[in-house]
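So that you can see what the record holds, here are the features copied from TrEMBL:
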- A:GLU166, A:HIS234, A:GLU249: Mn(2+) binding site (BINDING)
Amino acid sequence: MKKLLNTLFVTMPDTYLSLDGENIVVKQEESILARYPLHNLEAVCTFGYSGVSPGLMGACATRNIDLTFMTRSGRFLARVTGESRGNVVLRKEQYRISDDDRRSARVARNMIIGKIYNHKWILERATRDHQLRIDMDRMKKVSASLTEIMKQVREVEELDILRGLEGTAAVQYNSVFDELILQQKDDFYFHGRHKRPPLDNVNALLSFAYTLLSNDMKSALEAVGLDAYVGFLHRDRPGRESLALDVMEELRGVYADRFVLSLINKKLIHGTGFYRKENGSVMMDDDTRKIVLKAWQERKQDKIIHPYLNEKMSWGLVPYSQALLLARHIRGDLDEYPPFLWK
Amino acid sequence: MQGYNEEDYLLLSGIQHFNFCRRQWALIHIEQQWEENVRTIEGNHLHRKADQPMIREKRGDKLVVRALPVHSRELGITGICDVVEFVRDPLGVPLAGEEGTYLPFPVEYKRGKPKRNDSDHAQLVAQVMCLEEMLVCEISKGYFYYDEIKHRVEVIITASDRERVRASLQEMRHYFERNHTPKAKAGPHCQSCSLQHICVPEILNKKSVSSFIESRIAE
Ligand code: SF4
């Protein structure tokens, strides 16, 4: 498996990034704040309206360093991509599958199985680790029903039915998600998922984590030569990275939700780090965002054993390994797409 | 003469990749999924070509030409010879702008010491075949020059060498036209393959995905 390199997050909005030889130079006004060698970087991600010199954009594009621009709240704005890597053949097959509902369903259902499986084991783990704090009966019931839904999903060949089952499973999981929050319950609670805009601290964190994950997923898909915008479960819509959203399904719980839960449960962040805007939407302040990004970066370095490949790798490479496995299935090397089944 | 169109030419350097591993060749030449080090090697070749268009150097009876672009319409390949030595020979062919007749011999530069390596050999044979077609002559040998020992080794080119190159090229064509990347036959050679991280040959030896999913769900 390839090596995981660093991501440079730039959170100060009034900075300017430029190229000096083989280095990125971060400037504010006229003073140089930092300098990083390009060869250590996998991605550069800026929040707010940082400027980047065309020279640096070019250098990132030729070296396949992902350069992304986000708003301060973490909404995706733009991305610099180099010449797309060869393999038209792979993409054409991807489009053929995407045009065929039945074939799409057969790939998408494995991603949904991954999602439900991982949700199930998040709950199972919680019942094991925190027996005395958690409503065991409720958890066990939800876990059992997730297993049932998974078995049905395995047989599905129609996308609409698949979406229905996925919805049912999500309702089940969300109904007990609040149980997983074990600390700071006054400030962090989950009464349902709302994204536009997030109306409480937990939803604000989840939205932010999903953006980070989808960004990693998108780059991973493109790195293996797939088109992140053409999906199987999520239908095409201009500007929507449907395939990234598809593959992300299985990683939301195990990657992003668990990340958010650990920030709260380990008290790395606090209720005071969030504020409410006039329209009711909740945002995190700059310091909290910095803490979250730093923790995200550290999380990526943690090691796991990939369940299908049986190979030790860092969490940060999981999106890439799934993209690679998906490409392998599309080109016919693997009988099915193996989702990331965490336990 | 029947042959291939220029836009369908394969890169001569690919013969070496192909003999090393068919899949490696396909990843580089069909899918263009090269990693930096391969790209750099190819890039340097192109650079040399641009920087030194046919520098001729006369050494007595010899005319030495560096970075000579060669091709064969019949084989449908194109590439660059590191060095071609033209040696004055009554049995040779006339060259534009030169007196007398010459026979060409390609010299392929190698890093390190001599090692018995067939993939390099095939590359030299292909160069010979290109030169024969371009100059309309027959060439009996070529050389490897090893920079570590500063020594050259003569390589006699036989009819069966040529046959092998033809057969390889035919097989390459076959994959190329179908845009097909052959599956990996993982082996010890993977250890020295620069595309290992893209190829991940172990995946192909894994158990079926269906049984993996079934057994996990059943837990
Ligand atoms: S890793 Fe092995 S099988 Fe894959 S391209 Fe390289 S040599 Fe061939």
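For all residues, glycine too, the Cβ spot is worked out from N, Cα and C.
Those TrEMBL annotations? Automatic predictions, nothing curated.
There are 22 other Cβ atoms within 10 Å of the Cβ belonging to A:GLU166 (Mn(2+) binding site). Of all the Cβ atoms in the protein chains shown, 21 others lie within 10 Å of the Cβ of A:GLU249 (Mn(2+) binding site). Surrounding the centroid of the Cβ atoms of A:GLU166, A:HIS234, A:GLU249, where the record places Mn(2+), the chain contributes additional residues within 8 Å, namely A:ALA108, A:MET111, A:ILE112, A:LYS115, A:ARG163, A:LEU233, A:LEU245, A:ASP246. Cβ neighbours of A:HIS234 (Mn(2+) binding site) (same chain, under 8 Å, six or more residues apart in sequence): A:ARG240, A:SER242, A:LEU243, A:LEU245, A:ASP246.
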